[in-house]
Amino acid sequence: AMSDMELRQCLPCGPGGKGRCFGPSICCGEELGCFVGTAEALRCQEENYLPSPCQSGQKPCGSGGRCAAAGICCYEESCVTEPECREGAGIH
């Protein structure tokens with residue numbers, strides 16, 4: 001079994017590669033917000049062909065999602081607003 005620590009970050013995506021893929025049609029970045037089902041997220045479909053699992057985002061949220069941008073929690077298929085993702089996002 002692989003621990004969370006060993007999962008690589010998903011592919012970069014979006015303007016300037018500043019986002020990360022969170023699902024096959026979801027690209028999010030701290031400064032970008034989230035693109036769902038748009039051209040910015042097309043690259044994320046490439047993850048389907050890569051053998052190793054990936055996980056973007058630092059902080060878990062909801063039931064099995066990850067904080068993707070300020071106030072946004074993303075799952076593989078969709079994103080929802082999530083107040084707990086506002087707090088200290090990206091600050092360690």
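The backbone N, Cα and C atoms fix where each Cβ goes, and this holds for glycine too.
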Selected from C21, C28, C61, C67: Swiss-Prot disulphide partner of C44: C21
Recorded disulfide partner - C54, candidates C10, C13, source Swiss-Prot: C10
Residue among C13, C61 that, according to Swiss-Prot, closes a disulfide with C27: C13
According to Swiss-Prot, the disulfide-paired cysteine of C74 among C67, C79: C79
Sparsest-packed of the listed disulfide-bonded residues (C34, C54, C79) - C-beta count within 10 angstroms: C54
Distance, C67 (disulfide bond) to C73 (disulfide bond) (CA atoms, angstrom): 4
From C28, C34, C61, the disulfide-bonded residues whose CA lies within 10 Å of that of C13 (disulfide bond): C28
Among C34, C61, C74, which are recorded as disulfide-bonded residues, the nearest neighbour of C54 (disulfide bond) by Cα: C74
Assigned conformation of C10 (disulfide bond) - DSSP reduced to three states: coil
